[in-house]
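Chemist: Sharing a structure, written as structure tokens. Questions coming.
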């Protein structure tokens with residue numbers, strides 16, 4: 001009883017939180033939720049956080065099956081599937097997350113806070129070997145996926161083209177959707193059929209990636225020598241120095257500056273990608289580099305040139321911590337509302353599930369193997385270059401890193417989803433032309 005009395009959610013006493021949440025749920029179920037940002041924030045923050053807290057309390061689930069992050073996400077999918085909330089409420093939340101750009105804002109603050117808090121020498125060294133590590137993950141996924149398909153009596157080629165490619169493609173908008181267009185152009189067939197199956201495949205792959213993230217997190221706790229606890233590169237192996245801890249205390253003005261800097265970096269990256277980038281606007285390579293990739297480069301330049309005052313860096317780091325601690329559950333709740341549990345049933349068969357398990361496992365092993373050459377910790381390499389290649393893009397990055405308790409790896413996760421996704425589009429174009437043309 002005393003434990004319940006002492007329980008606080010979002011800093012509120014449990015009874016006070018429950019009253020607010022019950023009232024919000026009542027308004028939402030009746031379809032009377034404010035159709036704007038205020039309504040979306042209230043609903044997702046109260047209900048999403050509650051679901052996340054429940055997931056973190058369920059035995060076994062909280063240790064091995066994704067905890068509150070995955071529970072909030074799947075519970076939201078069930079809410080959509082069984083129409084617990086009216087369409088108007090779900091639309092309000094989806095518009096805020098996608099149309100208004102809450103998901104983008106979440107990633108923006110994680111990227112800048114993470115990169116500005118990393119030692120400059122370590123940042124440059126860790127980026128150097130990251131693309132080869134991604135390619136190692138892709139090779140591992142293809143090899144294990146094709147191999148287990150052969151053992152199961154399935155076509156290895158189909159396993160790569162219809163399962164491994166969608167899973168490793170960087171999500172839906174930057175992966176399966178443009179990949180289906182490439183499929184249509186190469187084969188002359190309607191891309192919608194390939195896309196429907198691919199979408200279900202990548203969503204199942206995302207769930208597997210989240211489950212593997214939970215396992216890797218536990219593995220790191222049992223074998224601490226395998227992990228940097230959120231740091232990709234092994235400092236002992238390469239002689240790099242560890243970053244000095246930030247000791248300054250930012251004030252309110254520094255938080256304002258940090259918000260201005262983060263949002264500026266993103267709008268500049270967006271403008272650069274759309275109007276200046278030679279790759280995107282002149283070379284016509286069949287794919288475009290995502291604006292998040294350019295933001296990562298800009299943030300890295302700000303770090304390397306040391307032009308951001310220490311107080312603003314500290315404010316960015318603390319804003320990152322706020323988003324991770326208090327807004328992860330609401331975000332994953334809103335992401336889950338955009339999926340339907342029936343999507344997972346479209347391709348659900350024992351053989352396909354086994355192939356998906358091995359594709360994601362192959363991505364992990366390939367990333368760990370190549371990452372070792374660049375002095376990366378195996379668990380961090382598997383999470384970033386492996387699982388963040390095999391998840392559902394930006395939202396999948398949040399799920400995987402949140403479950404693995406390593407949100408500070410978001411810059412590397414975004415490289416996997418954005419640049420790695422573009423690499424997969426090139427590979428898909430070649431493979432489709434080879435086997436389908």
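Here the Cβ of each residue, glycine as well, is placed from N, Cα and C on the backbone.
Curation does not apply to TrEMBL; its annotations are automatic.
Feature table excerpt (TrEMBL):
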| type | residues | note |
| --- | --- | --- |
| TRANSMEM | 12-31 | transmembrane segment |
| TRANSMEM | 37-54 | transmembrane segment |
| TRANSMEM | 61-79 | transmembrane segment |
| TRANSMEM | 99-118 | transmembrane segment |
| TRANSMEM | 130-152 | transmembrane segment |
| TRANSMEM | 193-215 | transmembrane segment |
| TRANSMEM | 252-272 | transmembrane segment |
| TRANSMEM | 292-310 | transmembrane segment |
| TRANSMEM | 322-341 | transmembrane segment |
| TRANSMEM | 347-370 | transmembrane segment |
| TRANSMEM | 415-436 | transmembrane segment |
Chemist: Using a Cβ cut-off under 8 Å, which residues of the same chain at least 6 positions beyond either end of the transmembrane segment (415-436) come close to it?
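Modeler: Distant contacts of the transmembrane segment (415-436): 127, 130-131, 134-135, 138, 157, 160-161, 165, 168-171, 174-175, 178-179, 182-183, 186-187, 285-290, 292-293, 296, 384-385, 388-389, 391, 393-394, 396-397.
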Chemist: At a threshold of under 8 Å on Cβ distances, which of 37-54, 61-79, 99-118, 130-152, 193-215 pairs most often with the transmembrane segment (292-310)?
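Modeler: Going through each listed stretch, the top one turns out to be 99-118.
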Chemist: Do the transmembrane segment (130-152) and the transmembrane segment (61-79) come together with 3 or more C-beta pairs under 8 Å, pairs six or more apart in sequence?
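Modeler: Contact between the transmembrane segment (61-79) and the transmembrane segment (130-152): absent, because fewer than 3 Cβ pairs are under 8 Å.
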Chemist: What parts of the chain pack near the transmembrane segment (12-31), using Cβ distances under 8 Å and only residues at least 6 beyond its ends?
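Modeler: Distal contacts: 4-5, 42-43, 46-47, 50, 84-86, 88-89.
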Chemist: Within the same chain, where does the transmembrane segment (61-79) have neighbours whose Cβ lies under 8 angstroms from its own Cβ atoms, ignoring anything closer than 6 residues to its ends? I mean 6 or more beyond.
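Modeler: Distal contacts: 48, 51-55, 85, 90, 207, 210-211, 213-215, 218, 328-329, 332-337, 339-341, 398-399, 402-403.
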Chemist: Quick check for me: are there 3+ Cβ pairs below 8 Å between the transmembrane segment (252-272) and the transmembrane segment (37-54), leaving out pairs under 6 residues apart?
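Modeler: No, these stretches are not in contact.
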Chemist: Among 99-118, 193-215, 322-341, 347-370, which stretch has the highest count of C-beta pairs below 8 Å with the transmembrane segment (37-54)?
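Modeler: Against the transmembrane segment (37-54), the leading stretch is 322-341.
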Chemist: Same-chain Cβ contacts of the transmembrane segment (322-341) under 8 Å, 6 or more residues past its ends?
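Modeler: Tertiary neighbours of the transmembrane segment (322-341) are 10, 40-41, 44-45, 47-49, 51-53, 68-70, 72-81, 85, 90, 93-94, 96-98, 102-103, 106, 109-110, 203, 395, 398-399, 402, 407.
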